[in-house]
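TrEMBL has this to say about the protein:
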DOMAIN    27-132  domain 'Phytocyanin'
SIGNAL    1-25  signal peptide
TRANSMEM  145-164  transmembrane segment
Amino acid sequence: MAGRLSFTVGFLIVASVGLLHGACAATTYTVGDDLGWTVPPNSSYYEEWASQRTFQIGDSIFFNSTTGNDHHTATEVATREEYDNCTKNMGKIFDVNAGVQFPLDANATRYFLCSEGTHCVQGQKMIIQVGDGIGAPPSFAAPSLAAATAASALFFSTVVIFFLN
Ligand SMILES: *[C@@H]1O[C@H](CO)[C@@H](O)[C@H](O)[C@H]1NC(C)=O
Ligand SMILES: *[C@@H]1O[C@H](CO)[C@@H](O)[C@H](O)[C@H]1NC(C)=O
Ligand SMILES: *[C@@H]1O[C@H](CO)[C@@H](O)[C@H](O)[C@H]1NC(C)=O
Ligand SMILES: *[C@@H]1O[C@H](CO)[C@@H](O)[C@H](O)[C@H]1NC(C)=O
Ligand SMILES: [Cu+2]
């Protein structure tokens, strides 16, 4: 009887430790930690930062740029080639001076850069491998389409205003 009870209690403890561990597994990483998201001291800074961490589904990355007067963006581009090229005006562009968070919602390899001036060329860029890194981020297509729609809406309203004047 006593043996059975302690077995049950032991099982419950193991089960709740397992649950706690599961609950703690989702982590929000502040990109660059105390440095935040800015022009780094060397061009491999953020790639090193990311390679020292293990990202998994459920985690988030938070871009914070509060120091200095420089303006920064967190731009996600679709391919390694665009990343290597520091391609601008593609993908999702977020003004990060208020901070922006990206949920890592699927195993994928994701490419982020700052599209201000030469910041990307100076190393303000980062590759995030989520899990096994296989596959495209599912959140990529829809928001970039929405951004394209917004851009063309802006273009057409500009054209309309031009003709009205
Ligand atoms: C880049 O800077 C960081 C922080 O100062 C340093 O830890 C790292 O070794 C540097 N990497 C290179 C390649 O110089
Ligand atoms: C961004 O970083 C600064 C400096 O470390 C900190 O004071 C601020 O609270 C952070 N902002 C957010 C929204 O976390
Ligand atoms: C990257 O740059 C190379 C060389 O300038 C160019 O040929 C290529 O089309 C660019 N690719 C992208 C995706 O921007
Ligand atoms: C994501 O990758 C990890 C390996 O890092 C793997 O254990 C897991 O099953 C993968 N999840 C999905 C949904 O593919
Ligand atoms: Cu920047």
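Each residue's number is its place along the chain shown, starting with 1.
Quick reminder: no glycine exception, Cβ is built from N, Cα and C everywhere.
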- Message: If you average per-residue pLDDT over the domain 'Phytocyanin' (27-132), what number do you get?
- Response: 90
- Tally of helix, strand and coil residues over the domain 'Phytocyanin' (27-132) according to DSSP? 16 helix, 33 strand, 57 coil
